[in-house]
Amino acid sequence: MAEASERLYRVQYAKSGRASCKKCSESIPKDSLRMAIMVQSPMFDGKVPHWYHFSCFWKVGQSIRHPDVEVDGFSELRWDDQQKVKKTAEAGGVAGKGQDGSGGKAEKTLGDFAAEYAKSNRSMCKGCLEKIEKGQMRLSKKMVDPEKPQLGMIDRWYHPTCFVKKRDELGFRPEYSASQLKGFSLLSAEDKEALKKQLPAIKNEGKRKGDEVDGTDEVAKKKSRKETDKYSKLEKALKAQNELIWNIKDELKKACSTNDLKELLIFNQQQVPSGESAILDRVADGMAFGALLPCKECSGQLVFKSDAYYCTGDVTAWTKCMVKTQNPSRKEWVTPKEFREISYLKKLKVKKQDRIFPPESSAPITVHWPLSVTSAPTAVNSSAPADKPLSNMKILTLGKLSQNKDEAKAVIEKLGGKLTGSANKASLCISIKKEVEKMNKKMEEVKEANIRVVSEDFLQDVSASTKSLQDLLSAHSLSPWGAEVKAEPGEVVAPRGKSAAPSKKSKGCFKEEGVNKSEKRMKLTLKGGAAVDPDSGLEHSAHVLEKGGKVFSATLGLVDIVKGTNSYYKLQLLEDDKESRYWIFRSWGRLGTVIGSNKLEQMPSKEEAVEQFMKLYEEKTGNAWHSKNFTKYPKKFYPLEIDYGQDEEAVKKLTVKPGTKSKLPKPVQELVGMIFDVDSMKKALVEYEIDLQKMPLGKLSRRQIQAAYSILSEVQQPVSQGSSESQILDLSNRFYTLIPHDFGMKKPPLLNNADSVQAKVEMLDNLLDIEVAYSLLRGGSDDSSKDPIDVNYEKLKTDIKVVDRDSEEAEVIRKYVKNTHATTHNAYDLEVIDIFKIEREGESQRYKPFRQLHNRRLLWHGSRTTNFAGILSQGLRIAPPEAPVTGYMFGKGIYFADMVSKSANYCHTSQGDPIGLIMLGEVALGNMYELKHASHISKLPKGKHSVKGLGKTTPDPSASITLEGVEVPLGTGIPSGVNDTALLYNEYIVYDIAQVNLKYLLKLKFNFKTSLW
């Protein structure tokens, strides 16, 4: 596997004669100069070099301006070859006759820039994001698409005027001209002339003598001469140093065997690397400058790489050391007595010196592989303008929508998209629920192409909502299938899927990933203790072996933020259902992408299969299969506790469309169906970038979620104290390994600020509640005589009664909703659909001691619909001890509000999903500890029973009413008189679950005010 590098290019002397040139297909001779483009491998989570002869490299259109910055391995070349690379780069990639050793004439055309007439009207200008019409002249620059780096260098098209505006940014140098564009000769005479005027070669004319003013130019010249002299001296020193190192290498190659060199490294307490050239480099470095002492931070081995010495050790089992220095500590290099017989080593005397480094280039380092330092979910179409969120997308409409086709087309085009009639070309499908349920031929094509289906309301929300496009797609999704929606990159259509591995038939780069069969969501076939991976092709004829109570199936994860890896490895031992036949199946790749592969290997016997399984497991994790206590080792995988249990069928039975057997009132039936909606649970996880392929709903263990909480607790200290990057890296790597995330080709973001920690705390809170809901669905009786709705209702252990709309209590509650809607929460109005009176089993008894406490109020608590199965069955809970206290404004407690809209905001509804649930609970507040700013409370002051966060607005206290000793603050909002507070509205927090008695559950419709029409 290739070594990870942020640089797109690599140069070195060929280590063997086995590699062939990607341009001419001829072999590259050993020790000859070769150059490579680093390309994402389609087979594993890493990059591989595509090697070229030196001259061929420039012919395929590579434009390098600063080889010392852009090319990995440049400084390790011989001095003459460094100059050769520099001069060729300066000449715009023209190697010149005879320069490549083959004597071939180099091409003068710029291979990475092209001009042509658009072959269709499908491409989009990367400058203005407008369509390029068929037959219109267009210019391109070959670049790596950060979302699909496995495609390598692809054309990115521009209108000529847009290209001219971005000339410098695109690397079209001043000395380049239009006539050097590939395809220029095929343009019409008129277009050639126009393009020559737009893209002329710009000559840098020197100043005339008469330009000098008051001697200032003379001062500048003297300064320039000084800098030139200084640079010239440094160049000479670097050249002498380079020649010294290469002289040592050349002599060592003649005088010593590879084993001799290894012995020299071991004697000087240096690690022995793999590969002859690496061993030679390390010995030469030690002889020239001294033996390197271990890293002070981790005791690892320091190694020279281009611009510094980097530590190759590990701070912890999860994270590599980040130490980098140009002045490492050294000791004298010692040659053992037995080696002094070698004449060269006997004569060699090197004066102790420090390694000289070239000055840091002022050229910006272009990072070609996508980086991410934010924890917020990335917009699906991040390149799109704010007013055109559907730019580069093709939309298919199916079924009878509220608008006719022309109206829908107008709206879609207004948002930057295009209407299409083909499922294979579509990025997204807009339809209605009935069409998905009906599953006609056209919808089957949509499913086959793995295109996500969303409701028509999505078009309204996408222009009005502040949520990311991914969140809106999740909220409006109608289909259980669907790859992540991506904008179309010009003419290369390659939406990213979420399959564990590509089809065995797929070879090389993916031309059209969207139609890859393996991209469809995996259907896991459960047999006995685990699910057989469908990529094995044996899901219907074999099962996972279970022996001694242990299931021979393992899902492993490895995250390294520095390298940008987010890898999985799956291992299964499969046994034939009928015969004594055994297979080892393994799959590997990058989470959330089609990058990866798999292997099915038939074994001669059960014993050999078990032995091979255990060998592979130990190779990947460093742990024996039967070891009870797992130890994480550096660069090794970590097992995920994913439960592929036998309860899936029970879930399916209880989520089927309810029949007519239910004796519950219709509103209660609808409420229970809403609470246990599995699709809503999946949508919630997708919003948090959870990878549902590697962590199917309900499959991650509670223990692993709690371990993730503990990591976030550890993160809060280094984040608040500004600790070392290594510590934050370590904790981030551990977190993302425990909770598999889908980041596509982006690097996993560091958990390096309070907001990112807060977002992940919220994610784990929801994961826990979803885990409760799913556990309820899986557990309990399998009584086929009962309606599924009734079975699920019983699991809530809550008496739910519909409140008569005309009753006095319903009137009071509606008034409370109307009066306490805050003026700043003006994006929607709230409409009460149903009011339910609830009584949780055992809660009244638990609350009994607090009934005598003064200051009891009826307050609001809002949450996602997916959390209500957990809330009703287990009550409102305080975050677990493992959760970080900084994830909550006033510490870990249960939060309430007296303004309905403050709590309603936590329902996370949208125009496409406007129904939310909110609760009213009787809360025993007693003596309140009043605060104006965040305070991470872990223990209340003596004599206090709760915290009140003071807001600038409060319900009018004169309008409050009292029902059975409980205050209902249903007055309209008025200024509270508290101005120096961080809160707009009041918050109430209790730290004992027994202080809460849930009374009512409201089903609300959020009537959003913003619309496209």
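Cβ coordinates come from backbone N, Cα and C, glycine included.
Marked as domain 'PADR1 zinc-binding' by Swiss-Prot on the basis of sequence analysis: 225-359.
When secondary structure is read from DSSP and collapsed to three states, C298 (Zn(2+) 3 binding site) falls in the coil class. Using a 10 Å Cβ-Cβ cutoff, C298 (Zn(2+) 3 binding site) registers 19 neighbours. Annotation source Swiss-Prot lists Zn(2+) 3 binding site at C295, C298, C311, C321, citing sequence analysis.
The domain 'BRCT' annotation in Swiss-Prot covers 385-476.
Residues or ranges marked as polyADP-ribosyl aspartic acid by Swiss-Prot on the basis of similarity to another entry: D387.
According to Swiss-Prot, the polyADP-ribosyl glutamic acid annotation covers E407 (among others). Annotation note: E407 (polyADP-ribosyl glutamic acid) sits in a helical segment as assigned by DSSP. Applying an 8 A CB threshold to same-chain residues 6 or more apart, the list for E407 (polyADP-ribosyl glutamic acid) is empty.
Summarising the annotation, Swiss-Prot assigns polyADP-ribosyl glutamic acid to E413 (among others). Around E413 (polyADP-ribosyl glutamic acid), a 10 Å sphere centred on its CB holds 14 further CB atoms from the protein chains shown.
The polyADP-ribosyl glutamic acid annotation in Swiss-Prot covers E435 (among others). A C-beta separation below 8 Å, combined with a sequence spacing of at least six in one chain, links E435 (polyADP-ribosyl glutamic acid) to L398, G399, M443, V453. Under DSSP, E435 (polyADP-ribosyl glutamic acid) is assigned to a helix (H, G or I) in the three-state scheme.
Cβ neighbours of E437 (polyADP-ribosyl glutamic acid) (same chain, under 8 Å, six or more residues apart in sequence): none. The polyADP-ribosyl glutamic acid annotation in Swiss-Prot covers E437 (among others) and rests on sequence analysis.
Long-range Cβ neighbours of E444 (polyADP-ribosyl glutamic acid) (same chain, at least 6 residues apart, Cβ-Cβ under 8 Å): none. As annotated by Swiss-Prot, polyADP-ribosyl glutamic acid applies to E444 (among others).
Secondary structure at E445 (polyADP-ribosyl glutamic acid), taken from DSSP and collapsed to helix, strand or coil, is helix. Its Cβ placed at the centre, E445 (polyADP-ribosyl glutamic acid) has 17 other Cβ atoms within 10 Å. The feature polyADP-ribosyl glutamic acid is assigned by Swiss-Prot to E445 (among others), with sequence analysis given as support.
Sequence annotations record features per position, and here Swiss-Prot assigns polyADP-ribosyl glutamic acid to E448 (among others) based on sequence analysis. Counting only same-chain residues at least 6 apart in sequence, those with a Cβ under 8 Å from the Cβ of E448 (polyADP-ribosyl glutamic acid) are A423.
According to Swiss-Prot, the polyADP-ribosyl glutamic acid annotation covers E456 (among others), on the basis of sequence analysis. Sequence-distant neighbours of E456 (polyADP-ribosyl glutamic acid) (same chain, 6+ apart, CB under 8 A from its CB) are L401, S402, Q403, I430, S431, I432. Secondary structure at E456 (polyADP-ribosyl glutamic acid), taken from DSSP and collapsed to helix, strand or coil, is coil.
Residues annotated as polyADP-ribosyl glutamic acid in Swiss-Prot: E484 (among others).
Summarising the annotation, Swiss-Prot assigns polyADP-ribosyl glutamic acid to E512 (among others) and lists sequence analysis as the type of evidence.
Per Swiss-Prot, polyADP-ribosyl glutamic acid is recorded for E513 (among others).
The polyADP-ribosyl glutamic acid feature in Swiss-Prot is assigned to E519 (among others).
A straight line from the CA of E413 (polyADP-ribosyl glutamic acid) to the CA of E445 (polyADP-ribosyl glutamic acid) spans 24 Å. In sequence order, C295, E297, C298, G300, Q301, L302, V303, K320, C321, M322, V323, K324 are the residues near C311 (Zn(2+) 3 binding site), counting only same-chain partners six or more apart with C-beta under 8 A. Listed in sequence order, the residues P294, K296, E297, S299, G300, L302, T312, G313, D314, V315, K320, M322, V323 complete the 8 Å Cβ shell around the Zn(2+) 3 site centroid, once C295, C298, C311, C321 themselves are left out. Touching of the domain 'PADR1 zinc-binding' (225-359) and the domain 'PARP catalytic' (787-1013) is ruled out by the presence of fewer than three CB pairs under 8 A, sequence neighbours closer than 6 excluded. The secondary structure of C321 (Zn(2+) 3 binding site), as reduced to three states from DSSP, is coil rather than helix or strand. Across the domain 'PARP alpha-helical' (661-778), DSSP helix (H, G, I), strand (E, B) and coil residues number 79 helix, 3 strand, 36 coil.
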